[in-house]
Structures are given as structure tokens and as C-alpha cells.
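Engineer: Mind having a look at this structure? Questions to follow.
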Amino acid sequence: MATLGVNIDHIANVRQARRTVEPDPVQFAFLAELGGADSITVHLREDRRHIQDRDIFLLKETIKTKLNLEMAATEEMLKISKKLLPDFVTLVPEKREEVTTEGGLNVKNNQRYLKDYVTSLKSSNIEVSAFIDPLSEQINSSAEIGFDFIELHTGKYSELKGQERYVELQKIIESTHYAFDLGLVVNAGHGLNYQNAEKIASINNINELNIGHSIVARALAVGLERAVSEMKALISTN
């Protein structure tokens, strides 16, 4: 049964729209946990467009579940993460002009740099994941480098319809099994919602789904605790 990681970046987006102190993502992380979240995910971007440094350090001190820090593989973020000591770090690609993360990390083309980076994080007892597209070459490189986890990018699956979505789903299923056989723990996320998450959650060997936007959108109508609870029930029926 897949567990649920709740991304609270969009709470911070609302706060930063007015450069004020509310809503506080730290407070909403507590509500997400009450709703059944198994972990809390935040992306500390280089431009600090939503989550801020104070958020991640307060979250580390206050949440009862696990903290997953998404970040680019930069020297600044390495220093911050080694000071914070989150439960997990997920390395993601990052472009300043993007609205949200647009694709997976190219582990294959950056193996030498990423191997040293991952080794440094693991020396601080931080488990490390790579956010990658469901491609065998990226999975192979992730295993070779020493990542503990991968997070399969489900954005394309979420955008497609009909037969094209089915084909992409098969790629994710095959990638999950392939990565699991290589000893990687497999998470998945990006674009998942109340209509499409169940099929991903039902894949054997999927460990956790990371979901943010759709839960926060649903929370506007029913509150965050209930929105998380509904998603948790949805992905736990398999």
C-alpha cells in the first residue's frame, strides 16, 4: 500500500503573493498530518518563490512524520540540507522561468557530479532520492550513483488521455519494477490528483506518492485535514 507525502509549497505560494506572514505552511503541515499524511514535502527553490528557509527549519522541529526536502543540486542547497538534516532529500532540476518542475533530473549526463553530491549527503545520514523520468537509463544511473530512492515523474501520465495515458502508465509500471529489482525504493509524483492517483498507487512496489496542488485545491472547499484524509483513503484502497 502506497503512503502519502503531502507537498505544502502552494500554501507558501499564497503567503508569498502578498509577502506577508499568512498562511503559514508550518501550521498547515500540522493539519496535513492530522489528515493522515505520512510525510511532508517542501521545495526550497533557489529563488525562494514560495518556501523560505525559516519554514524548513521550523518544519524539522515541529512535524511528527518525516520531512522530504526537494532541492536543486547546488552548493548552497548542500550546505543548507546538511545543517537541516531532513529525513530525505529529493534532487530535482530547476529553472527560474518555470512555473513548476517541468521534467526529471538528468542523472545519466551528470553522474560524476551527482555521485560526489549524493555521497556528501549520505555522509550526514540523509537518504537521497532523484526525481527522474521513467526511463531505464536514468534508473540505471541512479542505482549506480548510490541513490536510495527515486521518484518517478508522473507529469506526462497526468496530462495525457485515453490510450496515450495507458501507454505512459505501462512505462511507469515497468520502470517501477525495474528500479525495485535494482534495489531502489520507488516513489512517484507530479500532477497527481483525485482522478488519476489511484492507478499509480495500485502499482506493486510503489512506496509513496507525493501530491500537493490537487490536495491544496480541494482544501479550499473542505479544509486541508479532510482533503488529505480523502486522498489517503483513495490511495489506500489497493
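Glycine too: its Cβ is placed from the backbone N, Cα and C atoms.
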Engineer: Report the candidate from Gly35, Gly36, Gly183, Gly191 that shares the 3-amino-2-oxopropyl phosphate site with Asn7, Arg18, Gly212, His213, as recorded in Swiss-Prot.
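Structural biologist: 3-amino-2-oxopropyl phosphate site check in Swiss-Prot: besides Asn7, Arg18, Gly212, His213, the record includes Gly191 out of Gly35, Gly36, Gly183, Gly191.
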Engineer: Find, among the recorded positions listed as His10, Arg18, His43, Arg45, His50, the one whose Cβ has the highest number of other Cβ atoms within 10 Å in the structure shown.
Structural biologist: His43
Engineer: For Asp9 (1-deoxy-D-xylulose 5-phosphate binding site) and Arg18 (3-amino-2-oxopropyl phosphate binding site), determine the Cα separation and express it in whole Å.
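Structural biologist: Per the Cα atoms, Asp9 (1-deoxy-D-xylulose 5-phosphate binding site) and Arg18 (3-amino-2-oxopropyl phosphate binding site) stand 15 Å apart.
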Engineer: Checking the spread of the 3-amino-2-oxopropyl phosphate site as listed (Asn7, Arg18, Gly191, Gly212, His213): what is the longest Cα-Cα distance, in whole Å?
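Structural biologist: Output for 3-amino-2-oxopropyl phosphate binders Asn7, Arg18, Gly191, Gly212, His213: max Cα distance 26 Å.
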Engineer: Show which residues of the chain containing Gly212 (3-amino-2-oxopropyl phosphate binding site), separated from it by at least 6 in sequence, have their CB under 8 Å from its CB.
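Structural biologist: Expected: Val6, Asn7, Ile8, Asp9, His10, Thr41.
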